[in-house]
Amino acid sequence: MLDIHLVRKQLNEVKRKIASKNINPRLLDTVLKYDEVWRTMKTDIDGLRGKQHEYEKVRDFENAKKTKIEIDEKEKKAALFEQKRMKALLEVPNIPFDDVPIGSDENGNKVIREVGKKPVFDFEPKDHLELGEQLGIIDTKKAAEVAGSRFSYLKKEAALLEFALVRLAFDKLMLHGFVPIVPPVMIREEAFMGMGRLTPSQKEERYHLQKDKLYLVGSAEHTIGPLHMNEIFDEKQLPLRYVGFSSCFRREAGSYGKDTRGILRVHQFDKVEMFSFVRPEDSEEEHKFLLSMQEALMQELELPYRVMEICTGDMGFTDARQYDIECFMPAQGKFRETNSCSNTTDFQARGVNIKYRKTSDQKVEFVHMLNATGFAIGRMIVAILENYQTKEGIVRIPRALQAYVGSKEIQNVD
RNA sequence: GGAGACGUGGCUGAGUGGUUGAAAGCGCCGGUCUCGAAAACCGGUAUCCCGUUCUUCGGGAUCGGAGGUUCGAAUCCUCCCGUCUCCGCCA
């Protein structure tokens, strides 16, 4: 949630930044309109209640009651405007940092660097599904019969690769002090809203279990953030870093017909996620640190990738700055997004009310929260299959994963 | 699913209708003492909102959450959420 004070004080500035994120800046006029009405009423009510207390002190209960009735009426109205203000405010995205590249869509993203060599094949590389089916390790046909489209069975080495990737990421990140965690995959509306992940447009993307008033998370980020909901850290507890593992559920509404083949875009996948709680002055540096962790993991797998700085129009709702890592996928001949790395500054912290107390003056302030993909397992399996394939239709296993999988290559033994 | 207990400030924990935003202790911050530290002693120490101002003052809200009773609620009532204990069920 964006700071309402910022909207009041720097309306035009905020409007400009919201517009750069492809959100209608007039949303802010709505926020302010309700805010001003509410503030007027609030001032009025506060005065009245002061009066009521005066009457009570001199035991003039008759006037106290009259005042109380007046307050009750006015408060009902005020609450209505406060709700409307909040509803509008929750739809306002975080504002980007000043030096984020301006752009309206992914074409505005900037390549920061390209790392690793693209594989050179003296044959036509197959795509991950063809390889997966030939090797008997991915079955989307049966999954469609059982669960519908955009699901898969991972079998044999594909299943083992999943756990190898999880283990590799956990082992590497724990060396840097990340606390391992397996969070809930269901979340209540309150926490979800606070994290800025349940705006009206995002709701379409969520699985909702109405009977239990719960949503399925789209990422471990969604439940790791609220792990410290309504808490105040001591400054010396920060930075606090987690590495989490969870299944992720996405309805993929609005992406009909997009990436329908294989397991690149599915309704359910597993993901290792990094999450940091830091002091505001440290968040930009932390963001770079998380990015460096992501790159270290990609380099462990010896996969070719590039780092993108995401432009304003393509950024996430909660982000002040976002980097993506895109892995080269030989069958498509393109880089495809496999990782994302976001600094949400105090936007989510305000929503789920997470603060810290400064050692110097004991003042309390919102923390900054950051999240970053460790491995999106499914997409890493896609990248590995396509990049490590051989002419013989065998897929080699990246060195860093061989011990975890227990073999050096995948071939069909049927 | 059944029965019961409970939810107070950074923490522990008093408080059952009226200067209680809240005792006490711990912690934390500042000071005295000290070469320094510890101890001891003194003082301070919740968050949020609105207004005022320029950083001080005024008003208001908040004792899990939402309603209700009352002139007045941490305290009484209802519902919801959560935690714990016992029984049942279960990976």
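Placement of Cβ uses the backbone N, Cα and C atoms for every residue, glycine included.
Taken straight from TrEMBL:
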- A:R250, A:R251, A:E252, A:V266, A:H267, A:Q268, A:F269, A:E337, A:T338, A:N339, A:S340: ATP binding site (BINDING)
- A:R250, A:E273, A:N371, A:T373: L-serine binding site (BINDING)
- A:64-91: coiled coil (COILED)
- A:127-398: domain 'Aminoacyl-transfer RNA synthetases class-II family profile' (DOMAIN)
- A:T373: site 'Important for serine binding' (SITE)
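Sequence features, as recorded in TrEMBL, placed on the structure.
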residue : record                : contacts (Cβ under 8 Å, 6+ apart)
A:R250  : ATP binding site      : A:E205, A:G218, A:H267
A:E252  : ATP binding site      : A:R150, A:E205, A:R265, A:V266, A:H267
A:F269  : ATP binding site      : A:S247, A:C248, A:I263, A:A376, A:I377, A:G378, A:R379
A:E273  : L-serine binding site : A:S219, A:A220, A:E221, A:I224, A:V243, A:G244, A:F245, A:S246, A:N371, A:A372, A:T373, A:G374
A:T338  : ATP binding site      : A:Y305, A:I325, A:E326, A:C327, A:T373, A:A376, A:R379, A:M380, A:A383
A:S340  : ATP binding site      : A:G316, A:Q322, A:Y323, A:D324, A:I325, A:A372, A:T373
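There are 17 other Cβ atoms within 10 Å of the Cβ belonging to A:H267 (ATP binding site). In the three-state DSSP scheme, A:E252 (ATP binding site) is classed as coil. When averaged over the domain 'Aminoacyl-transfer RNA synthetases class-II family profile' (A:127-398), pLDDT in the model lands at 93. Neighbours of the L-serine site: apart from A:R250, A:E273, A:N371, A:T373, residues of the same chain with C-beta atoms within 8 angstroms of the site's C-beta centroid are A:G218, A:S219, A:A220, A:E221, A:C248, A:K271, A:S340, A:A372, A:A376. The number of other CB atoms found within 10 A of the CB of A:N371 (L-serine binding site), across every protein chain shown, is 27. All protein chains included, A:T373 (L-serine binding site) registers 26 other Cβ atoms within 10 Å of its own Cβ.
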